[in-house]
Amino acid sequence: MVSVFSSLRQSFKGLLVLVPVLIGLAFISPAEAVQWDAETLTVPVNPDGAEVTFTDREINAGRKVFNTSCGTCHAGGITKTNQNVGLDPETLALATPARDNVDALVDYMKDPTSYDGEYSISDVHPSMRSAELYPAMRDLDDEDLRLMAGYILVSPKVQGSSWGGGKIYF
C-alpha cells in the first residue's frame, strides 16, 4: 500500500514539472520561433525585377494587418468567394496585370480589378477606394498595404503549396 502511494507521489511530481513546460510550449508559435533568411524575405517590388528584403518584424506586422483586414475571406491565401482565384504565386503571376510584386498588390488593394484587368471590382471587393463599405480598410495607409503585400508574397515561400492551396491543406 505504501509503495502504491509512493509511486503515485513520484508520478505527480513528474507532472508538476512537465505541465509548466507544456504550457510554455503552447504559447510559442512557429512564426515566433523561426528566423527566416534573407532569401525567404526577398520578393519582387515591381515588374522591372527590383527586389526588396523585408524583416521578420515587417512580415509579422503584415500578417497581423492581413489577418485583421483580409483574413476573413483570404485565410491561408485562398479566396472564399471564388475558389479559382487564390493568392498563390502562380495565380498572382497570371493575373492581368500581374500581381506578383509589392507595387502591383498595393495598387490592387487600392483599386481592385477583375482577374483579366478589364473592370473595377471595388464595389464588391474591399479596397481603399471602397473603404466606406469595408470598415477594415478605413484605417490602413500605404505602409500597411506594403506590409500586407510583403506577407502575401513571402507566405508561399514559408508555407509552401498550402498557401493558396485551398481546403485540401487544412
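Glycine is treated like the rest: Cβ placed from N, Cα and C.
According to Swiss-Prot, the protein has these features:
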- 1-33: signal peptide (SIGNAL)
- Cys70, Cys73, His74, Met137: heme c binding site (BINDING)
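Residues Cys70, Cys73, His74, Met137 are recorded as binding heme c; their most distant pair of Cα atoms lies 14 Å apart. Taking the binding-site residues Cys70, Cys73, Met137 in turn, the residue surrounded by the fewest other Cβ atoms inside 10 Å of its Cβ turns out to be Cys73. Highlighted in sequence order, Phe66, Ser69, Gly71, Thr72, Pro126, Ala136 have their Cβ within 8 Å of the centre of the Cβ atoms of Cys70, Cys73, His74, Met137, the residues recorded for heme c, and are not part of that set. Residue environment of His74 (heme c binding site) contains 19 other Cβ atoms, counted within 10 Å of its Cβ in all protein chains. Cys70 (heme c binding site) carries neither a helix nor a strand DSSP state and counts as coil.
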